[in-house]
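Residues or ranges marked as ATP binding site in TrEMBL: Gly408, Gln409, Thr410, Gly411, Ser412, Gly413, Lys414, Thr415. Among the features that TrEMBL reports, coiled coil is placed at 148-308. The compositional bias 'Polar residues' annotation in TrEMBL covers 69-80. Annotated compositional bias 'Low complexity' per TrEMBL: 329-338, in sequence order. Under the heading domain 'Kinesin motor', TrEMBL lists 308-661. What TrEMBL lists as region 'Disordered' is 24-91, 105-133, 323-370.
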Amino acid sequence: MEPQRSPLLEVKGNIELKRALAKAPSRLPLPGSRLKRGPDQMEEDLEPEKKRTRGLGTKVATSRPRATALTTVPQTQGQTAVPKVPRKTGPPCSTAIATVLKNQKPGPAVPAQKPGTTAAPPVVGRKKPSKRPAWDLKGQLCDLNAELKCCRERTQMLDQENQQLRNQLREAQQQATALGTERRTLEEELARVRAQAEQGQQELGNLSTLVLELEERLGTQEGLVQELQKEQLELQEERRGLAAQLEEQERRLQASEAALSGSQAEVASLRQEAAAQADLLANREERLHGLEMERRRLHNQLQELKGNVRVFCRVRPVLPGESTPPPGFLLFPSGPSGPSDPPTRLSLSRSDERRGTLSGAPAAPTRHDFSFDRVFPPGSGQDEVFEEISMLVQSALDGYPVCIFAYGQTGSGKTFTMEGGPGGDPQVEGLIPRALRHLFSVAQELSGQGWTYSFVASYVEIYNETVRDLLATGTRKGHGGECEIRRAGPGSEELTVTNARYVPVSCEREVEALLHLARQNRAVARTAQNERSSRSHSVFQLQISGEHAGRGLQCVAPLSLVDLAGSERLDPGLALGPGERERLRETQAINSSLSTLGLVIMALSNKESHVPYRNSKLTYLLQNSLGGSAKMLMFVNISPLEENVSESLNSLRFASKVNQCVIGTAQANRK
């Protein structure tokens with residue numbers, strides 16, 4: 001087996017090889033500073049020479065084979081030199097090349113070969129280039145360019161070898177450093193072992209001395225024992241008489257004492273064990289509380305690193321009866337790590353029939369690229385979507401206000417994302433039931449640490465800038481005008497909706513009943529985009545209150561889940577029939593509130609002194625969930641159909657603007 005070569009020897013050999021290559025002479029004879037210009041500049045200098053030659057009626061032959069280098073062109077007699085034409089901007093390149101040819105000696109320039117190096121093999125099958133006349137400046141320039149290209153390739157090869165040598169040297173240095181560290185560690189270990197050996201020798205000597213002393217004492221004690229044994233034999237006779245009388249009493253006394261001592265020992269052991277368990281339990285509770293506080297801090301720090309304003313894009317699948325979009329209409333480029341990385345980009349192609357080329361053919365489609373925090377293709381399920389926001393929902397339980405929007409045109413899947421599909425199928429449950437199930441589960445786990453949580457739900461809709469209670473029942477049903485947004489109390493920052501139901505919830509069944517009732521009360525209308533279209537903003541708010549009685553801690557935060565109305569423009573959303581004016585009012589109110597929402601987000605991002613919350617009932621109701629210590633996430637839902645490409649582009653552009661906003665650091669609402 002061939003022995004492994006040391007990295008230091010390899011580095012040394014590579015360095016010697018590089019030096020030998022570096023010392024090899026170049027075959028490019030370009031002396032002087034006037035020939036150091038690039039090929040483009042030399043071509044520009046040759047242009048006047050070409051024009052002058054054409055004017056004189058001479059024809060420059062460019063079909064001759066090119067020479068490999070200027071050094072191979074001999075200076076022959078009888079050749080006519082190219083006439084020199086003075087230029088204002090400096091000597092032309094042709095004059096410089098003629099001067100170089102005149103000063104060089106005829107004959108090929110062969111670099112001297114050093115001993116120990118191998119000459120390059122001759123090129124087989126290449127025809128030796130013919131000599132070029134002095135007036136063939138273009139051919140000579142081509143030869144110079146070929147030589148320059150060879151030198152550049154050779155320089156690139158030397159740079160690569162230099163990089164390899166540096167890498168090998170770096171590996172050798174790292175290996176030497178590691179060996180030095182290991183040697184120092186072994187030396188320290190050897191010194192420690194020697195010190196231990198010396199200490200052991202000292203202890204062995206001390207023990208030997210102690211053994212001798214104990215042997216002497218043992219001899220003395222044995223003598224005393226023999227004397228005592230004799231006395232014992234004398235006293236045994238006396239003891240036998242008394243032992244017979246007290247034997248029965250001693251047995252009873254021993255039995256009582258044994259029982260008493262056993263009971264006392266058991267009681268003492270139990271007390272010690274109980275005290276130890278109490279101390280251990282207190283320590284573990286303290287440690288668990290510290291770990292929970294640290295988890296909340298790290299969890300919030302992770303959410304801040306992801307961004308307090310995040311935008312997710314979701315593309316719904318093509319429904320039965322809809323036309324399949326053409327290939328390449330929607331593309332989802334892979335992330336930096338390849339297909340395994342979740343997609344964060346979306347590319348949408350749009351063809352415009354009004355545009356065309358000069359030949360009459362239709363113009364190529366225009367592709368629009370967008371980037372978000374996460375993109376969900378049509379095949380993404382509800383569980384995959386909620387997995388991305390579950391950590392954000394957890395922040396609401398930790399005391400941070402959280403707001404999640406579903407934005408997009410009518411029929412893009414906003415309500416399906418927030419509430420889920422009909423039929424009660426667990427696979428198609430929306431974000432609202434999944435979020436509350438997650439909160440109930442985590443609150444149950446935290447109850448073992450001393451936390452108690454309470455949840456109060458409300459569900460309202462904003463229709464034509466009028467607040468309606470979606471949880472109203474009986475005679476209160478449909479009287480949305482009585483609901484107003486007010487402060488909870490004097491000096492309080494908390495907002496409440498008057499005459500709206502606030503229902504305490506504690507299990508999933510209660511939440512499902514509320515969603516079913518709200519779904520029946522929500523304002524819907526038929527539009528050109530969707531047969532059952534939401535014409536209002538629905539706002540589901542869950543007020544979370546947590547308390548740790550043992551430590552006197554409290555945290556209060558709202559979780560707002562908003563299903564925005566359709567964001568289409570006026571023309572596609574107008575319904576035909578007697579209610580056209582009402583549909584027009586609805587669309588204007590929807591677009592106005594969505595525009596205000598964008599202005600509020602921009603004002604918060606720009607740290608403006610005035611934020612126009614009151615310009616819309618939607619932003620005024622969500623004031624505490626947008627600014628300050630809030631965390632916000634927007635779902636932009638788009639349709640995969642080509643006929644909706646205009647509305648999809650508008651939604652994606654609005655979401656891109658929101659994605660560029662940055663809001664300050666969130667603070668937990670703790671007391």
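From the backbone N, Cα and C atoms, a Cβ is placed for every residue, glycine too.
TrEMBL annotations: computationally assigned, not manually curated.
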Go ahead and report the DSSP secondary structure tallies for the compositional bias 'Low complexity' (329-338): helix first, then strand, then coil. 0 helix, 4 strand, 6 coil
Using a 10 Å cut-off, grab the number of neighbouring Cβ atoms around the Cβ of Gln409 (ATP binding site), all chains included. 25
Counting Cβ neighbours within 10 Å across all chains shown, tell me which of the binding-site residues Thr410, Ser412, Thr415 comes out on top. Ser412
Cβ atoms within 10 Å, counted per site: which of Gly411, Gly413 has the most, among these binding-site residues? Gly411
For Lys414 (ATP binding site), the number of neighbouring Cβ atoms whose distance to its own Cβ is within 10 Å equals 27
Around the Cβ of Gly408 (ATP binding site), other Cβ atoms within 10 Å, all chains included, total 30
